[in-house]
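Colleague: As annotated in Swiss-Prot:
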- D35, A36, E37, Y38, D39, S84, L85, E116, R139, E176, K293, K317: NAD(+) binding site (BINDING)
- K118: active site, N6-AMP-lysine intermediate (ACT_SITE)
- C411, C414, C429, C435: Zn(2+) binding site (BINDING)
- 593-674: domain 'BRCT' (DOMAIN)
Amino acid sequence: MAASDAVLDKLESLKNQINYHNKLYYVLDAPELPDAEYDKLFQELQAIEQQFPELVTEDSPTQRVGAAPLDSFASIEHKRPMLSLDNVFNVEELFAFDKRIRDRINADASLEYSCEPKFDGIAASLLYENGRLKTAATRGDGTVGEDITQNMRTIGSVPLKLEGNNIPAVLEVRGEVYMPKAGFLRINEEALAKNEKTFVNPRNAAAGSLRQLNPQITAKRPLVFCAYNVGVVEGGELPATHYETLTQLFEWGFLVSEERRIAKGIEECEAYYHYLEAKRESLAYDIDGIVFKVNAFDLQERLGFVSRAPRWAIAHKFPAQEALTVLHDVEFQVGRTGAITPVAKLQPIFVGGVTVSNATLHNKDEIERLGIRVGDTVIVRRAGDVIPQIVSIVESKRPQDAREIKFPTACPVCGSDVESVEGEAAIRCTGGLVCEAQRKESIKHFASRQAMDIDGLGDKIVDQLVDNKLVNDVADLYTLDIPTLAGLERLGAKSAANLVAAIEASKQTSLDKILYALGIREVGRATARNLANHFCTLNKVMDATQEQLIEVTDVGPVVAHYVVDFFAQANNREVIEKLIAAGVNWPDIEKVDGVKPLEGTTYVLTGSLESLSRDEAKDKLQALGAKVSGSVSAKTTCVVAGPGAGSKLAKAEKLGLAILDEVGLLALLEEHGV
C-alpha cells in the first residue's frame, strides 16, 4: 500500500521538527522541548517508517543509529591532505610567527587573525554531496584515514542534511570530535559501577568511542563534533574569510566554537590567549591551546604551505602540566641510525591527563645539565601535552644511595663499540646492520607508509622476522613467502597471503621514495624529493660528491656528508643491488637540458580521477617541475578537470584557460615519462 499525501506531509513535518529540536539541543544548547515530548515525535516518525519502509532516507533522524557492526574500518583517501599545525609555546615564538608571515606578504601590524580554542580531541572530516552526508573519515596519516561514516552519523551535532541556502554541491567540513568533561565523568562512573575498565582522559574516551566497530556503542557515548575548517569545496563559493566561513557553517547546521574571535594584530591574539587560558578550567570541554589563523583566504593562499603545515596558522599550546615522581632506573635504547638514547624509568605518575612511566633524557649532555641520578625525585612535564620529559630534579630529596648514570661503553643490544662524534651530543653504536636494534628500526622505516608503504608489516612482525633470522636487511623482505610468514605468531595463512601481496605491490615505487626508504641519516621526505628531482637517477645520487650534493636545494654540508658516507659503504650498495635483483623498480626522472619540462607552469586539479589519485597526479606534475595550486587564477597554466568538477572548471572556462581531462593528463605524463 502506497503512502497517502497526508502521510508524506506528516513524515516531512516530523523530520523537520526533530531536526529543528536537534539543532536547538546539540548546536545551540537551548532546548525548548521536554525530553518526553521529543520522544513522542521520534516514536511517531519511527512508526510511519516501519509501516512504509520505502520512505526511509539516509538523512532521516531515525538513521543515526542502527547500522550493522563492521569487521574492520575501510580506508578513505582525503581529497585534500589533512595537515597538522606547527606549534609555539611562548609569546616570543608567537610574535616571531607573526613577523615571519607579515614580512612574507608585506602586511602591517593590524593583520587580522581568526582565533579559536584548540580542542583536545580527534580530528575528523565530513564530506557532503548535494547537502547530504556522504562519508566521514579520521585524519589518519593526513593522506588516508579510516572510514567512520556510520559512527559519525550517530553524533547528534553532525548534520545528516544541511539546511539553508547556497550549499556547495561538494563540501568537506573538518572539525574535532571530543567528549565533554561531564560526559566523560558519567561514562567512567557507569563503568566503575559495572566493574569495567575506565578511560584515562576525555581524549582517549573520544578516540575509543569513535573507533568502535559497532556504531550502536558509539551512539551511547556523549560525543560532540565541532567544525573548525573546510577542505574541498566544489560547485559553490565560500565567504572571503575564515571567520565568516565558520559563521556560514553554523547557518548550515554545524556546531562551531562560541569562543571564536577576530583579532587585529598579534597583541590582540596574545590577549585572547591569556583570556582563554584563564577560562580553560571552566569550559565544558578540554582544550590544549589556541589556534590563530590568518583570516583572509586570499592571504592564506599567498602564504601557502610548508611540507606538513600551513604557513598561515599556528597553535599556541598551553604550558604543560608538571608533577613530581622518582627516577627508578635508566635504560638505553638503540635507534635506526645507531643513536643510543637514555630512557628514564619512572615511578608511574598521572600528569597531563595520562599515566607516565617513561621519559626521555635525550643524551649525556642533558643528564649532566640536570645533574640527575638514579633515585632522584624529579619534575616531569608533558611538553606540548604530548612527550614526557624530565625538566629538573629536587636535590633536597636526593637519597643517600642515589647513583650516577653511567653510559655504556658497548652497545646494549649487540655489544659493538660505541663512538662519540665531534659536535654531536649522542653516542652511537658502530655495529650498523650487525646490530639487531638498528636492523629492526631500519626495516620498520623502510616499510612505513611514507616509504615503501608495505601494508600489514607492523613492528611486532618485523621483530619476529629479525629475531628468527628470517630477514637480515630490507632486501630480504622480498624473499618471504606465505608458508614462512604463516609460521609467525598471530599471523595465519590469510594474513600472510595479504602481506606477501603488499610486499609484491611495493616493488613499484619512485626514486624519491626509495631514497627516503633507505634510511640515509638526515634525509627526510622533502630532501629525498629534492635529491631525486636534481639528479634524476639513483646512480647519479650514489656517485655524487659533497660539492655536487650541496648544490641541491636544502642540502647542506652535514646532509651531503651523510649521503656520501652512506653510499660509500659496500653493504649499502649490496642491499640496493639485491633490491633491484628482487624486482624493486623506480623509474628515472626525465629532465631536458637541466630544466624540468613543466617548470614555470601552474596546474590546478579538480573533480575526481579514476586511474590515479589526485595526490599521485600532484606528485607526478611536481616531479616535472609544475606548481600545483588549490585555486584558479589568471596565472594558472592549466586546469585538470575530472567528473564532479565544479566552480574551478567554470572559472577556468571564463578565464579562457587550458583544460585537460584525465585522458589528456595521462597523455601529458606519458609524454614526459612519469
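Placed from the backbone N, Cα and C atoms, the Cβ positions cover glycine too.
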Colleague: Do you know which of the binding-site residues L85, C411, C414, C429, C435 has the most other C-beta atoms within 10 angstroms of its C-beta?
Modeller: C429
Colleague: Whole-number Å only: compute the distance from the Cα of C435 (Zn(2+) binding site) to the Cα of R139 (NAD(+) binding site).
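Modeller: Answer for this pair: 35 Å between alpha carbons.
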Colleague: Find, among the recorded positions listed as K118, R139, the one whose Cβ has the highest number of other Cβ atoms within 10 Å in the structure shown.
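Modeller: Max Cβ neighbours within 10 Å, all protein chains included: K118.
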Colleague: Could you state the CA-to-CA distance between R139 (NAD(+) binding site) and C411 (Zn(2+) binding site) to the nearest Å?
Modeller: 38
Colleague: Relative to the mean position of the Cβ atoms of C411, C414, C429, C435, the recorded Zn(2+) site, which additional same-chain residues have Cβ within 8 Å?
Modeller: V334, G338, A410, P412, V413, G415, S416, T430, G431, V434, E436, A437, Q438
Colleague: How big is the gap, in Å, between the Cα of D39 (NAD(+) binding site) and that of C429 (Zn(2+) binding site), rounded to a whole number?
Modeller: 67
Colleague: Can you tell me which of the recorded positions K118, C411, C414, C429 is spatially closest to E37 (NAD(+) binding site)? Compare CA atoms only.
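Modeller: Nearest in space to E37 (NAD(+) binding site), counting only the recorded positions, is K118.
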Colleague: How would DSSP class R139 (NAD(+) binding site) in three states?
Modeller: coil
Colleague: Could you measure between L85 (NAD(+) binding site) and C429 (Zn(2+) binding site) for me? Cα positions, answer in whole angstrom.
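Modeller: One finds 34 Å between the Cα atoms of these residues.
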Colleague: If you draw a 10 Å sphere around the Cβ of E37 (NAD(+) binding site), how many other Cβ atoms fall inside it, taking every protein chain shown into account?
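Modeller: Summing over all protein chains shown, E37 (NAD(+) binding site) has 11 other Cβ atoms within 10 Å.
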Colleague: Do me a favour and check the Cα-Cα span between C411 (Zn(2+) binding site) and the residue listed as 'active site, N6-AMP-lysine intermediate'; whole Å is fine.
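Modeller: Each residue's Cα considered, C411 (Zn(2+) binding site) and the residue listed as 'active site, N6-AMP-lysine intermediate' end up 42 Å apart.
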Colleague: Where does the mean pLDDT land for the domain 'BRCT' (593-674)?
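Modeller: Mean pLDDT across the domain 'BRCT' (593-674) comes out at 84.
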